[in-house]
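> Have a look at this one before I ask anything.
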Amino acid sequence: MLDAKYIKDNLEEVAEKLATRGYQFDIAEFKAQEAKRKDLQERTQELQSQRNTISKEIGKRKSKGEDASDIFAKVNDINDELKVIEKVLKDLQDCINNTLLSMPNLPADDVPVGKDESENVEIKKWGTPREFHPEAQAKDHADIGEILNMIDFKAAAKITGSRFVVLKSKIAKLHRALTQFMLDMHTEKHGYEELYVPYMVNNDSLYGTGQLPKFSEDLFKLEGDFEYSLIPTAEVPITNLVRDEILDTESLPRYYTAHTPCFRSEAGSYGRDTKGLIRQHQFEKVELVHITIADKGEESLELLTSHAEKVLQKLNLPYRVVKLCTGDMGFSAKKTYDLEVWIPSQNTYREISSCSWCGDFQARRMKARHKNPSMKKPELVHTLNGSGLAVGRTLLAIIENYQQEDGSIMIPEALINYMGGISVIK
């Protein structure tokens, strides 16, 4: 959530920046609401002052044994008006809060302005995409897996429905090996603390990281006595660890990682990526989360992104880094780098990780702060998150980039030990 005071002091700037994100901020309406709120608060203070004065007068009369019935009525009238104002003020404040909750984060100054992914800016490339023989074009990962009888979409459709998968045998083992490889790298090489977190969260957590109220349709919600939702990403439970906390500044930065399934309805993506593992209702990620101080926020984004890159480099998967434009960034993000891995069958790069610096946007929603003895009052932390990596998309990238003409799949050297010495799937 944006700082209400900053908005009031910088209305035109905020409106311009929000417009680059496709959000139309009605300045006149906001000013009118703020003016009305101020008037109501001033009237409340005025009435409370009158009530206090009258109450003192009643006390004086009673102490002297005098009748005070003539001014009791005034107190009752004031109390009645205060109740009306309280209701109006609450409704108005709820309206203002809903407006604030609907606003996306303001982009950092170096974020390119653009309407969608076509205007993202490529930062760099790593690795060289493999060239396939003209007579042996790259096969799609879904076809390779089905021929090997190790990826089964039909079984998943029978069990559940579309956009689910059953992995079998050595490909299921490869999926598990990837997860362990990523966790080991981040905990042993990059200094992350590994967490095991709930896969269901309450609404407060979803408001804290920005999934609610805007993205309610993309969530799978439980029915019955529990108002919980399945997590769309481990970012939600991990980041909410610091909700309503005042952290010791000396304990920052904090680096957290967790492997979880993620559940998304994929509302709005009908007809897109209907084949294969690219877009599933249930998929797994190894998530990276940083909690740091404001001065280190942008620097931490570079570090987090490099940690996700290391996974791709160790697996020798060609990729590129793109800086997202204003129109393509996530709701809570201030600045985002996407890592896109090369997919031979599509002859293009596809997103495998999104690394975002959220500034104090989530922290303000969560009331997540830090303090040290030299500070007059607690300050909001900065939060960052990214995939390190999406396991299913890494799996499909390996299947396609390491496919052989005979239909087998070579195992990247970094994973052979995790595969129990298996070097090829056939």
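Using the three backbone atoms N, Cα and C, a Cβ is placed for every residue, glycine included.
Quick paste from Swiss-Prot:
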| type | residues | note |
| --- | --- | --- |
| BINDING | Thr233, Ala234, Glu235, Glu287, Ser387 | L-serine binding site |
| BINDING | Arg264, Ser265, Glu266, Glu351, Ile352, Ser353, Ser354 | ATP binding site |
> Have a look at the binding-site residues (Thr233, Ser265, Ser353, Ser354, Ser387) and report the one with the fewest Cβ neighbours inside 10 Å.
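Among the binding-site residues Thr233, Ser265, Ser353, Ser354, Ser387, the lowest count of other Cβ atoms within 10 Å belongs to Ser265.
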> Sorted by position, what residues of the same chain at least six away from Glu235 (L-serine binding site) have a C-beta under 8 A from it?
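Listed in sequence order, they are Thr209, Glu287, Val289, Asn385.
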> So which other residues, same chain and not among Thr233, Ala234, Glu235, Glu287, Ser387, have a Cβ within 8 Å of the centroid of the Cβ atoms at the L-serine site?
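Everything else in range on the chain: Val236, Ile238, Ala258, Thr260, Cys262, Lys285, Leu288, Val289, Asn385, Gly386.
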> Is Glu287 (L-serine binding site) helix, strand or coil when read with DSSP?
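DSSP assigns Glu287 (L-serine binding site) to strand.
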> Just how spread out is the L-serine site if you go by the largest Cα to Cα distance in Å among Thr233, Ala234, Glu235, Glu287, Ser387?
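Taking every pair of listed residues, the largest Cα separation comes to 9 Å.
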> Whose Cβ, among the binding-site residues Glu266, Glu287, Glu351, has more other Cβ atoms within 10 Å than any of the rest?
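Neighbour-count leader: Glu287.
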> Enter the number of other CB atoms within 10 angstroms of the CB of Ile352 (ATP binding site).
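Other Cβ atoms within 10 Å of Ile352 (ATP binding site): 26.
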> How big is the ATP site in terms of the longest C-alpha to C-alpha distance among Arg264, Ser265, Glu266, Glu351, Ile352, Ser353, Ser354, in angstrom?
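Taking every pair of listed residues, the largest Cα separation comes to 19 Å.
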> What are the sequence-distant neighbours of Ala234 (L-serine binding site), meaning same chain, six or more residues apart, C-beta distance under 8 angstroms?
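Residues satisfying the criterion: Val197, Ala258, His259, Thr260, Cys262, Lys285, Glu287, Val289.
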> Please state whether DSSP places Ser387 (L-serine binding site) in a helix, a strand or coil.
strand
